[in-house]
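Below: the structure, in structure tokens.
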Amino acid sequence: MRVYPLVLFLCLLCDGRAQKFSAITFLRVDQDKECNVECSGTPRKPLCASDGRTFTSRCEFLRAKCRDPQLEVTRGPCKDTSRCVAEKKYTEQQAKKLFPQVFVPVCNPDGTYSEVQCHSYTGYCWCVTPNGRPISGSAVANKKPRCQERGSSKCLHLSHIFFKSICSSVT
């Protein structure tokens, strides 16, 4: 009789429906060749998506829709929202859906990025420019960085993902 639960467990593992909700499925979406289409040669015609983001081309939109099937093209141009507000809205939706540990930016009333950004999941905070670019060397764990002292820094990160820095030759 002890064999029966083991057989049932193995059947559930083999069943395609059991894998449907696993983390492996989400990793496969990111590795899906269809979602990673190269869009550099496609015509640039901005599209507004249902999440408030403007995509530079239909190809860029379709790549995003591959990752988020509920994404739709809306009629007319996107509302005049800042990059920070659009990113905040999008990441809040992602946090509600699947990824509670996603970083959600903090925006100023004028739509620029708040000087200090913190990731609640990791506990790290860092200084950013009004455009949201992290300031090199400003990240600290479990406390607020002093951004005014770093305001003259000429080293800025190119992106939130790669953290490659470019330093200006101006001192």
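Yeah, the Cβs are placed from backbone N, Cα and C, and that goes for glycine too.
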CYS127: disulphide-linked cysteine among CYS107, CYS147, CYS155 [source: TrEMBL]: CYS147
Listed disulfide-bonded residues (CYS118, CYS125, CYS127, CYS147), ranked by Cβ neighbours within 10 Å, top entry: CYS127
Averaged pLDDT, computed only over the residues in the domain 'Thyroglobulin type-1' (81-147): 89
Secondary structure composition of the domain 'Thyroglobulin type-1' (81-147) [DSSP: H/G/I, E/B, coil]: 15 helix, 14 strand, 38 coil
